[in-house]
Amino acid sequence: METYTTDDALTIMGFGKFQALVLAYAGMGWVAEAMEVMLLSFLGPVVREEWNVSPQDESLLSSVVFAGMLIGAFTWGFISDRYGRRTVLLLSTLLTSGLGFLSALSPNYLCLLALRFFVGIGVGSGHVFASWFLEFVPAGNRGTWMVIFSFFWTIGTVLEASLAWVVLSALSWRWLLALSALPCFILLPFFRITPESPRYLCAQNRMSDATAVLERMANANQAALPQGVLTYHGETKTDYITHTTPDPEDEQLIPIREKEHTVEDAICSKYGVIAAFRKLLSHNLLRSTLLLWFVFYASSFAYYGIALLTSQLSDVNRSCSSDLIFELQLKDGNLYKDTFITSLAEAPGLILSALLVDWFGRKATMCCLMFACCAFLGPLVLHQNELFTTTLLFGARACGTGGTTVLCLYAPEVYPTSVRSTGVGIATAIGKIGGVVCPLVAVGMLRSCHQMAAVLVFELVLLLAGVACILFPVETKGREMD
């Protein structure tokens with residue numbers, strides 16, 4: 001009997017209306033995450049002014065959100081691999097939207113901190129939205145569609161900056177919090193029609209459910225499924241046993257790997273996180289896992305660092321002795337302008353990565369963009385004029401964004417379906433540590449007028465990240481995700 005895999009079906013059906021709807025839903029999830037993260041740039045200063053909190057307490061507001069995202073990234077990844085992608089899509093959306101709206105009603109600062117921490121946990125599910133989308137995309141153009149998907153993040157940052165400009169000028173920060181939760185609320189009515197990932201269903205040996213999803217996809221795309229029966233090859237090539245005794249037609253070919261996977265699922269169900277960690281740190285995945293952890297950390301460290309340098313470095317060049325240069329100037333609109341500029345600077349990086357990723361390969365594209373980002377930051381070890389500084393930071397932001405986008409594509413492709421969300425979730429969580437550490441290192445050095453030292457730290461981190469990309473053991477361009 002003929003058989004086919006999920007990748008075979010996706011390749012034959014191509015990217016059509018069904019995947020476009022999945023892209024819209026997952027993309028709105030990333031818009032929501034980007035808005036909640038960008039919100040931190042505007043929320044701290046206005047809350048500090050209203051409740052007279054200290055600068056340390058103001059920075060704590062961002063730290064608790066990142067701490068929540070760190071916890072959420074790991075937790076949602078594990079839940080996704082054990083209970084399904086749709087479970088995470090629903091629970092994280094309910095948590096983010098509900099507590100995001102409630103935080104607008106916070107009576108005091110401590111209550112606001114607690115609620116924003118839980119919003120951070122909800123927002124930590126962003127990588128599950130990305131992995132869920134990628135599991136519906138044919139291997140041949142997966143890189144291009146991941147880059148297109150990443151544009152939703154840029155849309156979210158620009159939308160939040162626009163919203164803040166209007167709302168904070170006319171209303172208050174409470175309205176900004178409430179309106180920023182709207183994208184998650186928009187997702188809820190459409191949850192009923194969201195499909196479960198056929199790859200996840202295959203990994204759980206729910207072959208009939210996976211076939212039903214693929215049939216639904218074929219109808220939407222006006223295409224036909226391959227001839228035969230859907231099978232799951234797991235992480236190794238499937239061997240088949242041919243029965244000599246009379247059996248029903250559908251049982252004449254039995255995938256050995258599928259039987260083994262059933263036993264593996266029972267073990268994973270019993271030991272949970274321990275089994276997932278053992279698999280991620282197994283001989284086949286150890287090198288990829290450790291390198292991904294470091295590159296995610298470095299990318300996050302560099303991304304938030306470049307955004308920080310964009311808004312502060314020119315001021316440091318003018319007056320390093322005054323602490324006032326580090327205050328965010330809401331009244332004159334500089335914060336809004338900087339946010340718009342840095343957000344729009346991501347578009348060239350996304351376009352560049354889209355052109356290279358499916359032609360040049362994942363590893364080479366990441367490596368080149370990391371080194372290019374490093375090169376753009378190099379001249380900033382010395383004081384430069386404002387125009388040249390802005391130009392260099394634009395180039396660095398574009399390359400950093402492009403490299404991070406390809407990394408977010410590469411990680412789900414490396415891991416097998418059974419631990420994909422857990423593996424990417426842990427790597428994303430480690431990346432959030434870089435986001436927390438970066439302001440402490442960069443701001444501390446800049447306030448001490450150590451611009452050269454601060455830039456050299458970023459240079460070293462990016463250089464090592466580029467080398468780590470070279471050392472990745474596999475190239476995933478065009479490779480099946482199963």
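Every residue, even glycine, has its Cβ placed from backbone N, Cα and C.
TrEMBL: automatically predicted annotations, no manual curation.
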Inset, instruction - Examine the ranges 88-107, 208-227 and name the one recorded by TrEMBL as transmembrane segment. - result: 88-107
Inset, instruction - Could you name the stretch, out of 60-79, 88-107, 146-167, 452-474, with the greatest number of CB pairs under 8 A to the transmembrane segment (20-40)? - result: 146-167
Inset, instruction - Please check if the transmembrane segment (290-309) comes into contact with the transmembrane segment (113-134), where contact means 3 or more CB pairs closer than 8 Å and the residues in each pair are separated by 6 or more positions. - result: no
Inset, instruction - Could you tell me the mean pLDDT over the domain 'Major facilitator superfamily (MFS) profile' (22-477), as a whole number? - result: 78
Legend entry - the transmembrane segment (452-474) in contact with the transmembrane segment (146-167), cutoff 8 A, at least 3 CB pairs, sep 6+: no
Legend entry - Same-chain residues at least 6 beyond the ends of the transmembrane segment (364-382) whose Cβ lies under 8 Å from its Cβ atoms: 295, 302, 306, 309, 313, 349, 352-353, 356-357, 388-389, 392-393, 395-396, 399-400, 402-403, 406-407, 410, 451-452, 455-456, 458-459, 462-463, 465-466, 469-470
